[in-house]
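According to Swiss-Prot, the feature transmembrane segment maps to 3-23, 37-57, 65-85, 112-132, 154-174, 180-200, 201-221, 222-242, 340-360, 377-397, 409-429, an assignment based on sequence analysis.
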(Lines of atoms letter the chains of each structure in order from A and count residues from 1; the text may use other names and numbers.)
(Lines give C-alpha, C1' and ligand atoms only; values in the text may rest on other atoms or scores of the structure.)
Protein backbone atom coordinates (compact mmCIF):
# COMPACT_ATOMS: atom_id res chain seq x y z
CA UNK A 1 0.00 0.00 0.00
CA UNK A 2 1.49 3.31 -1.09
CA UNK A 3 0.83 6.64 0.60
CA UNK A 4 -1.28 7.76 -2.37
CA UNK A 5 -3.40 4.62 -2.14
CA UNK A 6 -3.70 5.09 1.60
CA UNK A 7 -4.86 8.70 1.09
CA UNK A 8 -7.64 7.71 -1.30
CA UNK A 9 -8.70 4.79 0.87
CA UNK A 10 -8.69 6.99 3.96
CA UNK A 11 -11.08 9.51 2.33
CA UNK A 12 -13.58 6.74 1.52
CA UNK A 13 -13.13 5.25 5.00
CA UNK A 14 -13.67 8.63 6.66
CA UNK A 15 -16.89 9.27 4.70
CA UNK A 16 -18.27 5.83 5.58
CA UNK A 17 -17.29 6.10 9.23
CA UNK A 18 -18.79 9.57 9.65
CA UNK A 19 -21.99 8.42 7.92
CA UNK A 20 -22.53 5.46 10.26
CA UNK A 21 -21.28 7.34 13.33
CA UNK A 22 -23.58 10.33 12.72
CA UNK A 23 -26.71 8.19 12.40
CA UNK A 24 -25.71 6.19 15.47
CA UNK A 25 -25.06 9.28 17.58
CA UNK A 26 -28.41 10.82 16.57
CA UNK A 27 -30.18 7.64 17.64
CA UNK A 28 -28.19 7.55 20.87
CA UNK A 29 -29.22 11.11 21.75
CA UNK A 30 -32.84 10.23 21.03
CA UNK A 31 -33.18 7.01 23.05
CA UNK A 32 -29.79 6.45 24.77
CA UNK A 33 -30.08 2.73 24.11
CA UNK A 34 -31.96 0.40 21.83
CA UNK A 35 -30.88 -2.52 19.69
CA UNK A 36 -30.34 -0.28 16.70
CA UNK A 37 -27.75 1.67 18.70
CA UNK A 38 -26.14 -1.55 19.88
CA UNK A 39 -26.03 -3.10 16.41
CA UNK A 40 -24.68 0.14 14.92
CA UNK A 41 -21.85 0.32 17.47
CA UNK A 42 -21.09 -3.32 16.86
CA UNK A 43 -21.14 -2.69 13.11
CA UNK A 44 -18.71 0.21 13.49
CA UNK A 45 -16.44 -1.99 15.56
CA UNK A 46 -16.55 -4.88 13.08
CA UNK A 47 -16.11 -3.04 9.79
CA UNK A 48 -14.42 0.29 10.62
CA UNK A 49 -12.42 -0.01 13.84
CA UNK A 50 -9.80 -2.24 12.23
CA UNK A 51 -8.79 0.15 9.44
CA UNK A 52 -6.36 2.25 11.56
CA UNK A 53 -4.90 -0.95 13.02
CA UNK A 54 -4.33 -2.33 9.53
CA UNK A 55 -2.63 0.89 8.42
CA UNK A 56 -0.31 0.81 11.45
CA UNK A 57 0.61 -2.78 10.67
CA UNK A 58 1.35 -1.86 7.05
CA UNK A 59 3.42 1.28 7.59
CA UNK A 60 5.00 0.44 10.94
CA UNK A 61 5.76 -3.26 10.46
CA UNK A 62 5.59 -3.75 6.65
CA UNK A 63 2.82 -6.33 6.96
CA UNK A 64 1.37 -7.51 3.65
CA UNK A 65 -2.38 -7.07 3.39
CA UNK A 66 -5.10 -7.61 0.82
CA UNK A 67 -4.68 -5.45 -2.32
CA UNK A 68 -6.03 -1.93 -1.87
CA UNK A 69 -8.84 -2.30 -4.40
CA UNK A 70 -10.42 -5.09 -2.34
CA UNK A 71 -10.00 -3.11 0.87
CA UNK A 72 -11.88 -0.34 -0.94
CA UNK A 73 -14.64 -2.77 -1.97
CA UNK A 74 -14.94 -3.92 1.64
CA UNK A 75 -15.42 -0.37 2.93
CA UNK A 76 -17.88 0.54 0.17
CA UNK A 77 -19.93 -2.63 0.68
CA UNK A 78 -20.03 -2.02 4.45
CA UNK A 79 -21.25 1.56 3.97
CA UNK A 80 -23.85 0.56 1.36
CA UNK A 81 -25.10 -2.26 3.58
CA UNK A 82 -25.60 0.07 6.53
CA UNK A 83 -27.46 2.63 4.41
CA UNK A 84 -29.94 -0.03 3.23
CA UNK A 85 -30.19 -1.47 6.73
CA UNK A 86 -30.99 1.94 8.22
CA UNK A 87 -33.76 2.61 5.69
CA UNK A 88 -35.21 -0.85 6.36
CA UNK A 89 -35.06 -0.31 10.13
CA UNK A 90 -36.76 3.10 9.95
CA UNK A 91 -39.48 2.06 7.50
CA UNK A 92 -42.83 1.39 9.16
CA UNK A 93 -44.94 -1.15 7.27
CA UNK A 94 -48.13 -0.57 9.26
CA UNK A 95 -49.63 2.13 11.41
CA UNK A 96 -48.86 2.23 15.10
CA UNK A 97 -51.70 0.61 17.05
CA UNK A 98 -53.19 2.72 19.85
CA UNK A 99 -55.24 -0.14 21.26
CA UNK A 100 -53.53 -2.27 23.93
CA UNK A 101 -52.51 -5.73 22.77
CA UNK A 102 -53.94 -8.82 24.37
CA UNK A 103 -51.36 -10.35 26.69
CA UNK A 104 -49.89 -13.59 25.34
CA UNK A 105 -48.67 -14.72 28.76
CA UNK A 106 -48.30 -13.45 32.31
CA UNK A 107 -45.75 -13.99 35.05
CA UNK A 108 -45.83 -13.96 38.82
CA UNK A 109 -43.05 -13.81 41.38
CA UNK A 110 -42.53 -17.56 41.81
CA UNK A 111 -42.59 -18.30 38.08
CA UNK A 112 -40.02 -15.57 37.42
CA UNK A 113 -37.62 -16.80 40.09
CA UNK A 114 -38.01 -20.37 38.90
CA UNK A 115 -37.21 -19.24 35.35
CA UNK A 116 -33.88 -17.62 36.20
CA UNK A 117 -32.95 -20.49 38.50
CA UNK A 118 -33.55 -23.00 35.69
CA UNK A 119 -31.54 -20.88 33.22
CA UNK A 120 -28.65 -20.70 35.69
CA UNK A 121 -28.84 -24.44 36.35
CA UNK A 122 -28.61 -25.15 32.61
CA UNK A 123 -25.31 -23.26 32.52
CA UNK A 124 -23.89 -24.51 35.82
CA UNK A 125 -24.72 -28.18 35.21
CA UNK A 126 -23.28 -28.19 31.68
CA UNK A 127 -20.11 -26.43 32.89
CA UNK A 128 -19.79 -29.08 35.60
CA UNK A 129 -20.20 -31.93 33.10
CA UNK A 130 -17.66 -30.35 30.73
CA UNK A 131 -15.20 -29.93 33.60
CA UNK A 132 -15.59 -33.54 34.74
CA UNK A 133 -14.87 -34.72 31.20
CA UNK A 134 -11.94 -32.40 30.39
CA UNK A 135 -10.66 -30.60 33.50
CA UNK A 136 -9.05 -27.16 33.20
CA UNK A 137 -8.18 -27.05 29.50
CA UNK A 138 -6.33 -23.73 29.79
CA UNK A 139 -3.53 -25.56 31.62
CA UNK A 140 -3.68 -28.76 29.56
CA UNK A 141 -3.72 -27.66 25.91
CA UNK A 142 -0.64 -26.52 24.01
CA UNK A 143 -2.55 -24.42 21.45
CA UNK A 144 -5.99 -22.85 21.25
CA UNK A 145 -6.92 -24.83 18.12
CA UNK A 146 -6.80 -28.04 20.19
CA UNK A 147 -10.14 -26.99 21.71
CA UNK A 148 -11.78 -28.11 18.47
CA UNK A 149 -9.91 -31.43 18.27
CA UNK A 150 -11.29 -34.88 19.03
CA UNK A 151 -9.27 -34.93 22.27
CA UNK A 152 -11.80 -32.56 23.83
CA UNK A 153 -15.16 -34.16 24.61
CA UNK A 154 -18.52 -32.50 25.11
CA UNK A 155 -17.75 -29.50 22.88
CA UNK A 156 -21.48 -29.04 22.18
CA UNK A 157 -22.02 -28.30 25.89
CA UNK A 158 -20.28 -24.93 25.46
CA UNK A 159 -23.40 -23.56 23.80
CA UNK A 160 -25.28 -23.92 27.11
CA UNK A 161 -22.76 -21.97 29.20
CA UNK A 162 -24.10 -18.64 28.00
CA UNK A 163 -27.49 -19.06 29.70
CA UNK A 164 -26.01 -17.95 33.00
CA UNK A 165 -26.01 -14.38 31.64
CA UNK A 166 -29.76 -14.14 30.85
CA UNK A 167 -30.43 -15.72 34.26
CA UNK A 168 -28.51 -12.91 35.96
CA UNK A 169 -30.20 -10.36 33.68
CA UNK A 170 -33.61 -11.44 34.99
CA UNK A 171 -32.28 -11.05 38.54
CA UNK A 172 -31.08 -7.53 37.73
CA UNK A 173 -34.31 -6.44 36.04
CA UNK A 174 -36.30 -7.49 39.10
CA UNK A 175 -34.45 -4.85 41.17
CA UNK A 176 -32.79 -2.41 38.73
CA UNK A 177 -30.71 -0.60 41.34
CA UNK A 178 -26.96 -0.02 41.74
CA UNK A 179 -26.53 -3.02 44.00
CA UNK A 180 -28.18 -5.33 41.47
CA UNK A 181 -26.11 -3.74 38.69
CA UNK A 182 -22.78 -4.49 40.39
CA UNK A 183 -23.99 -7.93 41.45
CA UNK A 184 -24.69 -8.69 37.78
CA UNK A 185 -21.14 -7.65 36.87
CA UNK A 186 -19.51 -9.65 39.66
CA UNK A 187 -21.55 -12.81 39.05
CA UNK A 188 -21.27 -12.89 35.26
CA UNK A 189 -17.59 -11.93 35.04
CA UNK A 190 -16.70 -14.51 37.70
CA UNK A 191 -18.60 -17.16 35.74
CA UNK A 192 -16.93 -15.95 32.53
CA UNK A 193 -13.46 -16.32 34.07
CA UNK A 194 -14.40 -19.82 35.23
CA UNK A 195 -15.46 -20.84 31.71
CA UNK A 196 -12.31 -19.18 30.30
CA UNK A 197 -10.14 -21.45 32.44
CA UNK A 198 -12.22 -24.59 31.92
CA UNK A 199 -12.76 -24.25 28.16
CA UNK A 200 -9.21 -23.16 27.46
CA UNK A 201 -9.37 -19.52 26.43
CA UNK A 202 -12.93 -18.71 25.35
CA UNK A 203 -13.46 -15.02 26.17
CA UNK A 204 -17.01 -14.56 24.85
CA UNK A 205 -18.80 -14.73 28.22
CA UNK A 206 -16.44 -12.15 29.75
CA UNK A 207 -16.80 -9.74 26.83
CA UNK A 208 -20.59 -10.02 26.78
CA UNK A 209 -20.95 -9.67 30.56
CA UNK A 210 -18.82 -6.52 30.60
CA UNK A 211 -20.62 -5.08 27.55
CA UNK A 212 -24.06 -5.64 29.07
CA UNK A 213 -22.93 -4.06 32.32
CA UNK A 214 -21.90 -0.94 30.41
CA UNK A 215 -25.06 -0.72 28.34
CA UNK A 216 -27.26 -1.15 31.39
CA UNK A 217 -25.33 1.72 32.95
CA UNK A 218 -25.97 3.84 29.84
CA UNK A 219 -29.70 3.04 29.94
CA UNK A 220 -29.99 3.95 33.63
CA UNK A 221 -27.79 7.04 33.31
CA UNK A 222 -25.20 5.70 35.75
CA UNK A 223 -22.35 6.14 33.26
CA UNK A 224 -21.74 8.74 30.57
CA UNK A 225 -20.70 8.28 26.97
CA UNK A 226 -17.09 9.20 27.80
CA UNK A 227 -17.05 6.67 30.62
CA UNK A 228 -18.27 4.10 28.10
CA UNK A 229 -15.38 4.96 25.77
CA UNK A 230 -12.86 4.71 28.63
CA UNK A 231 -14.32 1.37 29.69
CA UNK A 232 -14.10 0.21 26.07
CA UNK A 233 -10.37 0.99 26.01
CA UNK A 234 -9.94 -0.89 29.27
CA UNK A 235 -11.88 -3.81 27.80
CA UNK A 236 -9.67 -3.91 24.69
CA UNK A 237 -6.52 -4.04 26.83
CA UNK A 238 -8.08 -6.72 29.02
CA UNK A 239 -9.04 -8.86 26.03
CA UNK A 240 -5.49 -8.50 24.67
CA UNK A 241 -4.06 -9.77 27.95
CA UNK A 242 -6.45 -12.75 27.92
CA UNK A 243 -5.47 -13.45 24.30
CA UNK A 244 -1.80 -13.53 25.29
CA UNK A 245 -2.62 -16.09 27.96
CA UNK A 246 -4.78 -18.09 25.56
CA UNK A 247 -2.06 -18.35 22.91
CA UNK A 248 0.77 -18.63 25.50
CA UNK A 249 2.58 -15.59 24.08
CA UNK A 250 5.43 -13.81 25.88
CA UNK A 251 6.19 -10.58 24.02
CA UNK A 252 7.78 -7.23 24.81
CA UNK A 253 8.87 -4.02 23.10
CA UNK A 254 7.94 -3.52 19.40
CA UNK A 255 6.85 -7.16 19.18
CA UNK A 256 4.29 -6.53 21.93
CA UNK A 257 2.86 -3.55 20.03
CA UNK A 258 2.73 -5.58 16.81
CA UNK A 259 0.98 -8.44 18.62
CA UNK A 260 -1.47 -6.01 20.20
CA UNK A 261 -2.38 -4.56 16.79
CA UNK A 262 -3.07 -7.80 14.99
CA UNK A 263 -4.77 -9.57 17.91
CA UNK A 264 -7.03 -6.56 18.56
CA UNK A 265 -7.88 -6.30 14.87
CA UNK A 266 -8.67 -10.01 14.56
CA UNK A 267 -10.67 -10.06 17.81
CA UNK A 268 -12.81 -6.96 17.39
CA UNK A 269 -12.67 -5.96 13.72
CA UNK A 270 -12.11 -8.78 11.22
CA UNK A 271 -12.90 -6.44 8.31
CA UNK A 272 -9.91 -7.67 6.29
CA UNK A 273 -11.59 -11.07 6.11
CA UNK A 274 -14.33 -9.48 4.00
CA UNK A 275 -11.70 -7.93 1.70
CA UNK A 276 -9.96 -11.32 1.45
CA UNK A 277 -13.25 -12.97 0.54
CA UNK A 278 -13.92 -10.37 -2.16
CA UNK A 279 -10.42 -10.95 -3.52
CA UNK A 280 -11.32 -14.64 -3.96
CA UNK A 281 -14.82 -13.93 -5.26
CA UNK A 282 -14.23 -16.02 -8.41
CA UNK A 283 -13.52 -19.12 -6.28
CA UNK A 284 -16.90 -19.04 -4.51
CA UNK A 285 -19.54 -21.59 -5.43
CA UNK A 286 -22.59 -19.82 -4.00
CA UNK A 287 -24.14 -21.97 -1.28
CA UNK A 288 -27.66 -20.54 -1.12
CA UNK A 289 -29.44 -21.13 2.19
CA UNK A 290 -27.68 -24.45 2.80
CA UNK A 291 -25.18 -23.01 5.36
CA UNK A 292 -28.10 -21.97 7.58
CA UNK A 293 -29.43 -25.54 7.59
CA UNK A 294 -25.97 -27.04 8.09
CA UNK A 295 -25.25 -24.82 11.08
CA UNK A 296 -28.06 -26.59 12.97
CA UNK A 297 -26.14 -29.88 12.71
CA UNK A 298 -24.01 -29.04 15.76
CA UNK A 299 -27.13 -28.98 17.94
CA UNK A 300 -28.14 -32.54 17.00
CA UNK A 301 -26.53 -35.20 19.25
CA UNK A 302 -24.66 -37.99 17.48
CA UNK A 303 -26.76 -40.61 19.29
CA UNK A 304 -29.87 -39.08 17.72
CA UNK A 305 -28.27 -38.84 14.26
CA UNK A 306 -25.56 -41.52 13.97
CA UNK A 307 -24.65 -40.39 10.46
CA UNK A 308 -24.24 -36.73 11.39
CA UNK A 309 -21.30 -35.12 9.53
CA UNK A 310 -18.27 -34.52 11.75
CA UNK A 311 -17.61 -31.19 10.03
CA UNK A 312 -20.21 -28.49 9.41
CA UNK A 313 -19.84 -26.57 6.14
CA UNK A 314 -21.29 -23.25 7.26
CA UNK A 315 -20.10 -20.00 5.68
CA UNK A 316 -17.10 -19.66 8.03
CA UNK A 317 -15.86 -23.18 7.33
CA UNK A 318 -16.59 -22.86 3.61
CA UNK A 319 -14.58 -19.63 3.50
CA UNK A 320 -11.73 -21.21 5.47
CA UNK A 321 -11.55 -24.61 3.80
CA UNK A 322 -12.88 -24.19 0.28
CA UNK A 323 -11.95 -20.59 -0.56
CA UNK A 324 -8.69 -20.14 1.36
CA UNK A 325 -7.70 -23.83 1.53
CA UNK A 326 -6.79 -23.30 5.18
CA UNK A 327 -6.96 -26.43 7.36
CA UNK A 328 -5.22 -25.16 10.47
CA UNK A 329 -8.15 -26.10 12.71
CA UNK A 330 -9.52 -22.57 13.25
CA UNK A 331 -12.45 -21.15 11.29
CA UNK A 332 -11.93 -17.69 9.79
CA UNK A 333 -15.00 -15.50 10.22
CA UNK A 334 -16.36 -14.05 6.95
CA UNK A 335 -18.37 -11.37 8.86
CA UNK A 336 -22.04 -10.58 8.27
CA UNK A 337 -21.53 -9.24 4.74
CA UNK A 338 -19.12 -12.04 3.87
CA UNK A 339 -21.64 -14.71 4.86
CA UNK A 340 -24.18 -13.13 2.51
CA UNK A 341 -21.60 -13.13 -0.29
CA UNK A 342 -20.87 -16.83 0.27
CA UNK A 343 -24.57 -17.65 0.17
CA UNK A 344 -25.62 -15.59 -2.84
CA UNK A 345 -22.95 -13.21 -4.03
CA UNK A 346 -23.20 -9.43 -4.16
CA UNK A 347 -26.95 -9.58 -4.86
CA UNK A 348 -27.54 -11.01 -1.39
CA UNK A 349 -26.01 -7.95 0.31
CA UNK A 350 -29.04 -5.59 -0.11
CA UNK A 351 -31.47 -8.43 0.62
CA UNK A 352 -29.58 -9.27 3.80
CA UNK A 353 -29.49 -5.60 4.82
CA UNK A 354 -33.29 -5.39 4.61
CA UNK A 355 -33.73 -8.58 6.63
CA UNK A 356 -31.25 -7.46 9.30
CA UNK A 357 -33.13 -4.16 9.62
CA UNK A 358 -36.34 -6.08 10.27
CA UNK A 359 -34.63 -8.37 12.80
CA UNK A 360 -33.24 -5.46 14.81
CA UNK A 361 -36.62 -3.72 14.63
CA UNK A 362 -38.28 -6.83 16.11
CA UNK A 363 -35.83 -6.87 19.03
CA UNK A 364 -36.51 -3.18 19.68
CA UNK A 365 -40.27 -3.80 19.58
CA UNK A 366 -39.91 -6.57 22.16
CA UNK A 367 -37.59 -4.43 24.28
CA UNK A 368 -40.04 -1.51 24.29
CA UNK A 369 -42.83 -3.90 25.23
CA UNK A 370 -40.78 -5.03 28.20
CA UNK A 371 -40.06 -1.46 29.33
CA UNK A 372 -43.74 -0.46 29.17
CA UNK A 373 -45.05 -3.65 30.80
CA UNK A 374 -46.87 -2.95 34.07
CA UNK A 375 -46.25 -6.45 35.44
CA UNK A 376 -42.70 -6.16 36.81
CA UNK A 377 -42.12 -9.91 36.62
CA UNK A 378 -43.14 -10.17 32.99
CA UNK A 379 -41.09 -7.02 32.27
CA UNK A 380 -38.02 -8.67 33.82
CA UNK A 381 -38.48 -11.76 31.65
CA UNK A 382 -38.94 -9.75 28.44
CA UNK A 383 -35.99 -7.44 29.08
CA UNK A 384 -33.83 -10.33 30.24
CA UNK A 385 -34.63 -12.17 27.02
CA UNK A 386 -33.81 -9.14 24.86
CA UNK A 387 -30.54 -8.31 26.58
CA UNK A 388 -29.69 -11.99 26.67
CA UNK A 389 -29.94 -12.07 22.89
CA UNK A 390 -27.06 -9.59 22.64
CA UNK A 391 -24.65 -12.49 22.08
CA UNK A 392 -26.65 -13.56 19.04
CA UNK A 393 -26.44 -10.05 17.58
CA UNK A 394 -22.66 -10.10 18.11
CA UNK A 395 -22.60 -13.40 16.22
CA UNK A 396 -24.70 -11.82 13.46
CA UNK A 397 -22.26 -8.95 12.87
CA UNK A 398 -19.03 -10.87 13.34
CA UNK A 399 -19.71 -14.41 12.08
CA UNK A 400 -22.67 -14.17 9.74
CA UNK A 401 -26.32 -14.85 9.09
CA UNK A 402 -26.13 -18.65 9.23
CA UNK A 403 -24.51 -18.73 12.66
CA UNK A 404 -26.98 -16.13 13.92
CA UNK A 405 -30.08 -18.03 12.79
CA UNK A 406 -29.05 -21.31 14.39
CA UNK A 407 -28.01 -19.66 17.65
CA UNK A 408 -31.05 -17.42 18.02
CA UNK A 409 -33.37 -20.39 17.41
CA UNK A 410 -31.43 -22.40 20.00
CA UNK A 411 -31.53 -19.48 22.45
CA UNK A 412 -35.29 -19.01 22.03
CA UNK A 413 -35.87 -22.75 22.41
CA UNK A 414 -33.90 -23.15 25.65
CA UNK A 415 -35.26 -19.91 27.12
CA UNK A 416 -38.81 -20.95 26.19
CA UNK A 417 -38.39 -24.43 27.66
CA UNK A 418 -37.13 -22.96 30.95
CA UNK A 419 -40.10 -20.57 30.99
CA UNK A 420 -42.59 -23.39 30.39
CA UNK A 421 -40.87 -25.58 32.99
CA UNK A 422 -41.14 -22.75 35.51
CA UNK A 423 -44.87 -22.44 34.86
CA UNK A 424 -45.27 -26.22 35.13
CA UNK A 425 -43.37 -26.30 38.43
CA UNK A 426 -45.48 -23.44 39.76
CA UNK A 427 -48.64 -25.34 38.82
CA UNK A 428 -47.34 -28.48 40.58
CA UNK A 429 -46.39 -26.50 43.71
CA UNK A 430 -49.75 -24.78 43.69
CA UNK A 431 -51.58 -28.09 43.28
CA UNK A 432 -49.58 -29.56 46.16
CA UNK A 433 -50.58 -26.63 48.35
CA UNK A 434 -47.07 -25.19 48.62
CA UNK A 435 -48.05 -21.79 47.25
CA UNK A 436 -49.30 -19.52 50.01
CA UNK A 437 -50.36 -15.89 50.14
CA UNK A 438 -47.36 -13.59 50.51
CA UNK A 439 -48.33 -10.98 53.07
CA UNK A 440 -46.35 -7.74 52.98
CA UNK A 441 -45.68 -6.31 56.45
CA UNK A 442 -47.13 -2.91 57.22
CA UNK A 443 -46.63 -0.43 60.02
CA UNK A 444 -50.38 -0.39 60.60
CA UNK A 445 -52.08 -3.07 62.66
CA UNK A 446 -54.48 -3.92 59.83
CA UNK A 447 -52.68 -4.27 56.48
CA UNK A 448 -54.55 -3.20 53.35
CA UNK A 449 -56.02 -5.83 51.07
CA UNK A 450 -53.56 -4.94 48.30
CA UNK A 451 -50.64 -6.18 50.42
CA UNK A 452 -51.69 -9.81 50.02
CA UNK A 453 -50.35 -11.59 46.94
CA UNK A 454 -50.88 -15.27 46.18
CA UNK A 455 -47.47 -15.90 44.72
CA UNK A 456 -45.26 -16.89 47.63
CA UNK A 457 -43.58 -20.27 47.84
CA UNK A 458 -43.07 -21.86 51.24
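Glycine is treated like the rest: Cβ placed from N, Cα and C.
Within the same chain, residues 123, 127, 130-131, 134-141, 144, 146-147, 152, 158, 161, 164-165, 168-169, 171-172, 174, 206, 208-210, 212-213, 216-217, 220, 222, 242, 246 sit at least 6 positions outside the transmembrane segment (180-200) and bring their C-beta atoms closer than 8 Å to a C-beta of that stretch. Outside the transmembrane segment (340-360) by six or more residues, the chain places 35-36, 39, 77, 80-82, 84-89, 91, 274, 277-278, 281, 284, 286-289, 291-292, 315, 318-319, 323, 334, 393, 396, 400-402 with a CB less than 8 A from a CB of the stretch.
Each of 3-23, 201-221, 409-429 was scored by its Cβ pairs under 8 Å to the transmembrane segment (377-397), and the highest score goes to 201-221. Touching of the transmembrane segment (3-23) and the transmembrane segment (65-85) is concluded from the presence of at least three CB pairs under 8 A, sequence neighbours closer than 6 excluded. The recorded stretches the transmembrane segment (112-132) and the transmembrane segment (154-174) share 3+ CB pairs below 8 A when only pairs 6 or more apart in sequence are counted, and are therefore in contact. Contacts between the transmembrane segment (154-174) and the transmembrane segment (37-57): absent, as fewer than 3 C-beta pairs lie under 8 angstroms at sequence separation of six or more.
Long-range Cβ contacts of the transmembrane segment (222-242) within its own chain (Cβ-Cβ under 8 Å, at least 6 residues beyond either end) map to 28, 178, 181, 196, 201, 203, 206-207, 210-211, 214, 216, 260, 263-264, 267-268.
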